[in-house]
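One structure, pasted below without further comment.
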Amino acid sequence: MKAIYRGMCPNCRGAITDERLSNKNPCEGCLSEPILSEDYNELIVAVRNALKLRGTLKDWEELYRLNKEVSEIEELFEKSTGFKFWSAQRTWVKRIIRGKSFSIIAPTGMGKSTFGAFISIYFATKGKKSYIVVPTTPLVIQTVKKIESMLEKANVSVRLVYYHGNLRKKEKEEALEKIRNGDFDILITSSQFLATRFKELLKDKKFDLIFVDDVDAFLKASKNIDRSLIMLGFSEEIIGRAWEVIKLKKQLAKLLQNEKKNEEEIEKLNKEIEKIEDEIEEYKRRNKIGILIVASATGSAKGDRIKLYRELLGFEVGSGRSVLRNIVDTYLLPEKPIEEHVVELLRKLGKGGLIFVPIDKGIEYAEELTDYLKSQGFKVELVSAKNKKGLELFEKGEIDYLVGVATYYGTLVRGLDLPHLIRFAIFTGVPKFRFSMDLEQPTIYRVLGLMSEILEFLPEEKKSEGEKLYARLRRLIRNIPQYELMKIEEALAEGLELEGFHNHVLEVFKQSVEFLREVLKDEEVIKKIAENPFLSLKEIEGKLYIEIPDVRTYIQASGRTSRLFAGGITKGLSVIIVDDQKVFNGLIRQMRWRFVEFDIKKFEEVNLKEVLKEIDRDREKVKLVIEGKISEQVKDLVKSALMIVESPNKARTIASFFGQPSKRKIGDLTAYEVSIGDKMLTILASGGHMFDLVTNEGYHGVLILKNNGKPYFVPVYDTIKRCRDCGHQFVDWEQKGVCPRCGSRNVHDALENVKAMRELALEVDEILIGTDPDTEGEKIAWDIRNVLAPYAPNIKRIEFHEVTRPAILRAIREARDINEDRVNAQLVRRIEDRWIGFELSQKLWEVFENRNLSAGRVQTPVLGWIVQRYKEFTESETDFLGIILENGINVTIENAKGEVREVEVKDVIIEEKDVNPLPPYTTDTMLQDASRFLGFSATKTMQLAQDLFEAGLCVTPDTLVSLSDGRIIEIREAVENSEESLLGINGLKPKEAKALKFWEIDWDGPIKVIKLKNGHEIKATPDHGLLVMRDGKIGWVSAKNIREGDYVAFIYNLGHRGGKKYTLPQLLKELGISEYENSSSQELNNREQEMDSKQISIELDERFWYIFGVILGKGTLKGDKVVIFQKDVKPVIEEALPFVRIFESADHIGFSHLILAEVFRRLGVGEGKLHSLVFGLREEYINAMIAGYFDASGTFLRRAVLTSKRGDILRMLSVYLYQIGIVNNLRRDEHAGVWELIISDLEKFREKIYPYLRIKKSQFDKVYSISKNEGDFLPVASIFRKLKFRDGFKNRILDEEIPRDEVAKVLEYAEDSPEKEFLNSLVEARVTWVRVEKIEERHYTGKLYDFTTTTENFISNGIVSHNCTYHRTDSIHVSNTGIEVAKEYITQEIGEEYFTPRKWGEEGAHEAIRPTRPIDTGRLIQLIRDGIITIPKNLTRDHFRLYDLIFRRFMASQMKPAKILYEKAIISTPFKDVEVEGYIDVLYDGWSKIKSLPLRQIPKLEKGQRLRVKEVKQWRAPKVSLYTQGDVIALMKERGIGRPSTYAKIVQTLLQRGYVIETKGKKKLVPTEKGIKVYQYLITKYKDLVSEERTRQLEKIMDMVEEAKADYQDVLNELYEEIKRYVR
């Protein structure tokens, strides 16, 4: 038990422990003994029965009934369909049982229609009426057949009535009569029927359920919204009131957007909205309202009328359209006619392809291409707006390919959803827009696209005009359907006028076209367009045209190949035949703006066989889903999940990554629902902390119990309450529902948030808690886990450091348990804060008679710094003289008063100097600079950073990892045992790495198998990084981008790090052979006596390990017998193990020894794995073991070859041999079924292994005398050729790979150069480079593992592997992802030569603060304006100013140093000498291209130069300046007080309490009289409690708790005793 939560018992709503909650049980008062069960449903039933028996059953009954009713409905479903519910269907049923209306967001094959048909049957069995609305007559017929089939299977009889156009006259009349009389249980019609027959037949009908199967068709008549609401039980009057709320909310939104807010008007609107909402809720309470289920749309539900569902039913219709892509994007540079490339591609790729022709080539070329492909024997048809017959033929399988024009609203681009048929897309040119300079036949979206692209080329005045026009046009068309936009475009083309709003849009469209025509006449603009690398300017038949990429069409068209379905996202392939390089560049750039993870490869570099295999595997799955034959295993892949984050902004942002979400109101909270293929995800914001310590129980909210005679501290929590009127936050009610400060009843209780979360938790299979990635976030996650545990079967923690789509998906894959150590640290932090704060605050109240005062351990020393600085400030006033010299230099002279007319330059130093950039921001440096440069308070900066944060790697289990103690073990074992000390490589030298996190994830997807020339391989996820040398350059490359012919870094000559040695009893203990531990010593003593008291050594030296090696090679274990098929080893056994009795036969020797047999068995002889302790031994022991293995199973014929069936052991030996500098290769003889370990470096073998050989030394000597010794080779010929040598030495290299020792020798003669320096570093490096022979992609289902470590890498299978940005961080480390972001921006926007990647420190739990995309501030504003980047809240000018600060600092940190001509001069004045420094000139701009240099520019000076004084100013001021907020935060960081997450809060508290004020203008901090008195009192009376040193010590102790190095209960006890000693 760690804590008690008041009011959280899921049965009686009383107090309950965290232990009971996490075990999914009610409190001890309800149930004396807990009930434990792995099966969630069984647990619900068992607890319910126990509560009922005890007579304490209350709210638990609701949990039980819900599960029971779901089971009953599932039984009927199984009878009706033959299947059990899918996870998502179970979620939908739970909502229906609880009377909730909702929108279904679900991919193909999720059974939406089947569910709608079934649930209407279920309602009918309960005497309730249902209405199913479908778009067309065929679907009416299909639904009727489906229901009739279900009724027959379930043996259920209901009154089914349907109406469609294919009925005979008499059947129609009968159906209409039954509808008129309400003589039905289930009614099925089309949307058209509802629109035309509502008044006549349906207006007076009330339905318990309406199921709308296709909302797009349903919404074509917007009045269907009102009609459906009336049929559910709403009156026209209450619908009218809801419409008023919608209009009032629009007015309120406009008011809130104004910078000058009319608070009175806002309050008035809020009250009116609240009043109408209360009326609506009252109406729903008094009237029985039915349930509406709306199946997902493919388009957006536009218009305000749809919002009636939000106001009356609590949900908003989302879109089923997904923005997820699982596409291998490729390109091909044409070397022959495009048509021939297409033919070649079709023959390679097979059937099921779409071929898109760029719009500039048009329908004529599409027809020609279709005819040409037919002539080549392909079954292909052209599809256009006028000819759609090909679609039907394609769907039936009568043709294999479709050709169409790549235009956004084209039939082939948008109207096709055939995930089981479409495998790939070929683009016969880059999708593009082409504009003539006079903009003939403009469309609205093309005009917007062109304006967006060229605005940056316009003069400032025109740019401003263009931005306004652009913004107006985008805003006006936001909710206009496509067919209405086409009418506006036609009106412009034909010179017609329209009416009302449409005419207004037409006018703005016309102005935009005229604006473009005007600016495109400007030659300077045309010149800039021609120079731009992302736009193309072409002259065709004497006419100029601009071409820009049509990225929306590419996304839609390629997206036909990758669709969401039940189980994931189908893999697709896209091939672009590049017909214009500049437009292609533009397309790539825009795709990366939209998709952070976008990557495009050359077609010929793709492993086509593997890609097609995976594509076809997905198509098979989809077919099974569509046919209803999918296996239960695949069904289980689609889980319903609830993701909980802290803030609503973050929830909105995450939801937007996956399409247009459906929304539901749950109490005061909004839940967003999206599909991500394998999960139906509901995203909800918790609102941050929901619980805090109570004030009226225990010692300031902490119970002090006894545990084995020691104090045991248990915090008591209750929900946080906040008054909406006065802002007061509290925990305990003085009077229920009333704010204790102002008496208002307008109080929000976080209990409502808990209720909302519990309501949603009931619906889902798993909960993912994504609170912030720090100790505070971990504690919030722990609270959420505890209070939701009884309501959901599975709860996990997810952690992400940047809010991007890949980061979220990765976090979901890598979901983990709560980190209890982090929670413990936060418990200590909060309890310590409460105890100190309450005790000292009460003392302040008594002394100063003011209950608004407070104190804290951290804020007191910080207040002290400000008080002390103010004292220094007031005592340091002096005279200053400011002079401006004739050359413009400003000089300030301290302690000076009087006149000065001339000065002399006494001394000058001028030199060239490199100026390095600063590292990226940490929290403290960001707060300092935001204070210094932008004038932002710490609190404001943190809030802006939070807004920006919210807007915006693994291997298989058999992978061997090297630990820092020498052991080599499988990564699965390392993770399971939490092995912290790993071996990594830093600067190509070995370095110990501490594992900060251990990752174990479930994987069902592709992995890459990288096979190396030395026989080793690594099996990893596509994004797992390896250290690679390619074309003479070293860098991290993800597995998916590694190519055959690359060289991978492999550990080499590190030196062995193990040093263990054992006695026999110690080895028994290490191996866990406890049953023999005591008897072993006794047995040895007995043997000593038998041998005339001769002393027997039980130290296991190299002889013992040699014997172990022999047994590994040619030994076997039979019970207690050790049998060895190598008789020559007998003398060694007699020498090393004198206490055993040896037996012999014709071909073997052996001995019987129960203990030793068990030892060898556990060490790895036989079937078991080689025990990890072996590689922790001293080097000579391991070498002796290898020698024994060679003496048993080795041969020496030109090379040393060890043969064994135990490939697992040879693999480990191979890694070890590389570590001690012996190059080797692994090879499998498939025919013989054995592995070979081949060593060609006989020189090293002789040094390391040979001394321990006993049987085959002579064999080795013979081979060694005649064989060539092959050592390590480096793949550096391309660099080697660039070396320059002194006369007489010729540089000639024939092979790519050169022996390391030869490189070293030759380098001695080479002239100094960067190439020589690089090659020297490779020679000295503790890695070798092994060629990649083959890359395969395989499907893998199972566990994968990884670490987060203090270095960026660890050793896996001998290979250097990379291990798996948040604004609360003290790290300056930049990840590979961050470096890639910088590289893309710097190379594209500034110049490749400026880029210099820097890691800036070792990797930890956090990364430096950085942008997540290569987008600068100007471009970010444009992309938000264009709607390409969507954000959850409007960003202000201050947001962009802070973003710019972060962006420039980060990009500068990844650029080359600036080189300046530096000047430092001593200027002699009549008063004193003054130093002046700065730069005369910038010799190389480097990082200063993006950020200002920290020095001022000054003119060149000469020694002895006399300069006239132009201007003199005299003033008096303090020498010491007051602190700003930034200065204080820098001190906190420097002195180890506070944490990144608390810096801003501490300063804010001092300001709020009135201890400190901030001056206007310069924003300096000044202590108030109150602040000075409070500080003096605290430091006088309680110095030992609040001193800076004690505070710093406590920070370290809390870090130790977080790292599991200190027990949190011991720390609390120490704190408690300390407070008792000084205060109580």
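In case you wondered, yes, glycine gets a Cβ from its N, Cα and C as well.
Swiss-Prot lists these features:
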ACT_SITE  Y1366  active site, O-(5'-phospho-DNA)-tyrosine intermediate
BINDING   C9, C12, C27, C30  Zn(2+) 1 binding site
BINDING   Q89, A106, P107, T108, G109, M110, G111, K112, S113  ATP binding site
BINDING   E646, D772  Mg(2+) binding site
BINDING   C723, C726, C739, C742  Zn(2+) 2 binding site
DOMAIN    93-256  domain 'Helicase ATP-binding'
DOMAIN    819-1623  domain 'Topo IA-type catalytic'
DOMAIN    1107-1222  domain 'DOD-type homing endonuclease'
REGION    636-1624  region 'Topoisomerase I'
MOTIF     213-216  motif 'DEAD box'
ZN_FING   1-42  zinc finger
ZN_FING   720-749  zinc finger
Using the structure shown, find which entry in C12, C27, C30, C726, C739 (the binding-site residues) has the sparsest Cβ neighbourhood within 10 Å.
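Taking C12, C27, C30, C726, C739 as the binding-site residues, the minimal 10 Å Cβ count falls on C726.
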Quickly jot the same-chain residues contacting the zinc finger (720-749) by Cβ under 8 Å, restricted to those at least six beyond its ends, or write none.
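Long-range Cβ neighbours of the zinc finger (720-749): 668, 689-696.
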Cα-Cα separation of S113 (ATP binding site) and C739 (Zn(2+) 2 binding site), in Å?
50
Tell me which residues of the chain lie with their Cβ under 8 angstroms from that of C742 (Zn(2+) 2 binding site), as long as they are six or more apart in sequence?
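Those within reach of C742 (Zn(2+) 2 binding site), by Cβ under 8 Å and sequence separation of 6 or more, are C723, D725, C726, H728.
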Return the member of C9, C30, Q89 nearest to D772 (Mg(2+) binding site) in space, with distance defined Cα to Cα and candidates limited to these binding-site residues.
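Minimum Cα distance from D772 (Mg(2+) binding site) across C9, C30, Q89 lands on C9.
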Whose Cβ, among the binding-site residues Q89, S113, has more other Cβ atoms within 10 Å than any of the rest?
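When each Cβ's neighbours within 10 Å are tallied, Q89 leads.
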Which residues in the same chain, at least 6 apart in sequence, have a Cβ under 8 Å from the Cβ of C9 (Zn(2+) 1 binding site)?
A15, I16, R20, P26, C27, G29, C30
Taking the Cα atoms as reference points, how far is Q89 (ATP binding site) from E646 (Mg(2+) binding site) in Å?
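Rounded to the nearest whole number, the Cα-Cα distance is 28 Å.
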Are there residues of the same chain, six or more positions away from E646 (Mg(2+) binding site), whose CB falls under 8 angstroms from its CB, and which are they?
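Listed in sequence order, they are A685, S686, G687, G688, T771, D772, G777, I780.
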In three-state terms from DSSP, label Q89 (ATP binding site) for me.
helix
Between C739 (Zn(2+) 2 binding site) and C12 (Zn(2+) 1 binding site), how far is it from one CA atom to the other, in Å?
26
List nothing but the one residue from C723, D772 whose Cβ has the fewest other Cβ atoms within 10 Å; the candidates are the binding-site residues.
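With the binding-site residues C723, D772, fewest surrounding Cβ atoms within 10 Å: C723.
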Would you report the average pLDDT that the model assigns to the motif 'DEAD box' (213-216)?
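Reported value for the motif 'DEAD box' (213-216) is a mean pLDDT of 76.
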Can you count helix, strand and coil residues in the zinc finger (1-42) using DSSP?
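So the counts come to 8 helix, 4 strand, 30 coil.
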Going by DSSP, is E646 (Mg(2+) binding site) sitting in a helix, a strand, or coil?
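Where E646 (Mg(2+) binding site) sits, the three-state DSSP reduction gives coil.
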Quick check: which same-chain residues outside C9, C12, C27, C30 lie with their CB within 8 A of the centre of the Zn(2+) 1 site CB atoms?
P10, N11, R13, G14, A15, I16, P26, E28, G29, L31, T56, K58
For the domain 'DOD-type homing endonuclease' (1107-1222), what are the DSSP-based totals of helix, strand and coil residues?
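So the domain 'DOD-type homing endonuclease' (1107-1222) is made up of 61 helix, 26 strand, 29 coil.
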